[in-house]
């Protein structure tokens with residue numbers, strides 16, 4: 001009686017494993033981590049929490065949770081639409097990706113300077129918007145989701161990353177990153193009153209300035225990459 005060869009593994013078993021490993025190698029984790037950190041810096045959910053607490057102060061706990069969920073679902077939808085339609089909009093207006101990188105980088109720098117100077121939210125909405133949202137019931141969408149969270153900085157970063165990494169796998173990874181960010185932000189908003197009391201205004205200001213520094217560095221990277229491609233002689 002012949003003994004079984006225990007070293008032999010059927011190709012039908014290996015094939016799915018190899019496909020999974022190959023798929024994992026296709027996803028560049030560093031890219032998605034950088035994009036996630038860029039969203040954290042651009043949105044600055046910790047800095048927005050005091051605004052959330054003040055806007056929902058008259059609500060019941062259930063209404064606060066619902067508002068937090070509405071805001072972060074809206075953010076995920078807005079950024080996903082920006083990701084999928086961003087390149088189409090650039091093509092429609094005949095704008096090159098490198099030009100958009102420079103413009104987006106300048107915008108991120110402007111927001112970063114405002115964050116580092118302690119001007120929370122003033123760079124994302126004008127006085128008319130500030131006076132209008134107080135009377136609206138759907139504050140989860142306006143102003144929390146837009147323009148405070150999914151503002152110009154977050155949208156421009158999403159479009160740049162989506163255009164830079166246009167493959168199907170990269171797009172899937174960026175969408176998953178957006179959903180993961182929205183989920184983490186929702187968890188923060190659920191605990192907003194406790195976190196705000198724990199950190200205090202000083203702690204929130206420190207975190208906002210650190211996020212501003214990271215966002216500024218990301219903006220400079222966008223500008224440098226855009227200028228390098230627009231003017232190869234500068235490289």
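The backbone N, Cα and C atoms fix where each Cβ goes, and this holds for glycine too.
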From 102-120, 121-139, the residue range that TrEMBL assigns the feature transmembrane segment: 102-120
Interface-richest range of 31-55, 67-90, 141-162, 210-231 toward the transmembrane segment (102-120), CB pairs under 8 Å: 210-231
Contact between the transmembrane segment (67-90) and the transmembrane segment (210-231) (3 or more Cβ pairs under 8 Å, separation 6+): no
